[in-house]
Ligand code: S3P
């Protein structure tokens, strides 16, 4: 696909689509709860539709209306063995969190996905779940999907020190722990997104969090809720960067979720000297959301690492692009997790941005970006990774010579089906 190139004057307002992490979890909690859950501003993108399909395959009735998704939850015990293997598409969140739910169910199920999913590590989830008494195995004795989960209703609690900083792993253990025979303790390495913890409380459950230590009792039951999903800051990120780097631009992003475990990109933009303001911040059913406005800015390179990484892990590809337009060097470190995302995002970002003229080097746990560089046209690929595809479209906006041809552009529908349309709406 030919991308939109050479655009100044990006002006306008984007209503950012619903948060992906929260949309997945709303279906999951709605499915194990008793009573009806109504979800407004649900993200109707491929990944979250995979979660809906998975829970339908487990016997949950889920209705889609133009305004909302309605989940008719009948509690944990209403989940039934699927009649065939469940296809979770490209969604790491679906497969990993679902394994935690299935660990405590008294039946066997097999989960598989696309080419990318078949390469994603699952030991990080299988090991703790198996310690609790479930029996999870990957394909041909490996840790890779397809994964078969033989669950049990007598899971035992564990005390688990997490070896990786991952909200997916934490959430999978939480779902198993909620079904176990006692109290589970999870100790995080670094603080990761805490949407599962919030939803446990929102759906009427209990959880104790003290900094990196989480304690959760087993045999908990939940009650259906009505909720509105805020906009996804990870989707807003592409427009935040576009507004900062395209000349003479101002972009307004409304109703963006501002959960502090997700707002690392705002900290980085501020450190780089970017013009970003937050207004209309308000809480809807306990969730903080607000309007983010950005404008064209002079930026300087920064160092990004440590506790900040989990707070912006999905934004790093587009932050790397931002750094190509900052004066000086930007170092991204402590981000080896990027290698096991939908694709190896260190390699993908370095290769594709180099093709477009950036000066950027891969390191073992991140990247070094030398700014400020002029970008030019070229032939690039998303590697089937939505966030790489969207980052490359933002890069294309600031190219003033040549064309950008993107292979596997359709990957953006994993999290943002209307992305290219929304980009065009800002071009005057
Ligand atoms: C997610 C957690 C992150 C993130 C992913 C969504 C979640 O993955 O990259 O896009 O919803 O829990 P990890 O937990 O593997 O870091």
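For all residues, glycine too, the Cβ spot is worked out from N, Cα and C.
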Inset, instruction - Taking TrEMBL at its word that 20, 92, 168, 345, 387 bind phosphoenolpyruvate, choose the one of 44, 120, 150, 193 listed for that site. - result: 120
Inset, instruction - Quick one: among the binding-site residues 20, 25, 120, 345, 387, which has the most Cβ atoms sitting within 10 Å of its own Cβ? - result: 387
Legend entry - Secondary structure at residue 341 (3-phosphoshikimate binding site), reduced by DSSP to three states: coil
Legend entry - Residue from 92, 120, 168 whose C-alpha is spatially nearest that of residue 25 (3-phosphoshikimate binding site), among the binding-site residues: 168
Inset, instruction - Could you state the whole-number distance in Å separating the C-alpha atoms of residue 387 (phosphoenolpyruvate binding site) and residue 166 (3-phosphoshikimate binding site)? - result: 18
Inset, instruction - Go through the binding-site residues 25, 120, 345, 387 and pull out the ones with a Cβ less than 6 angstroms from some atom of ligand 1. - result: none
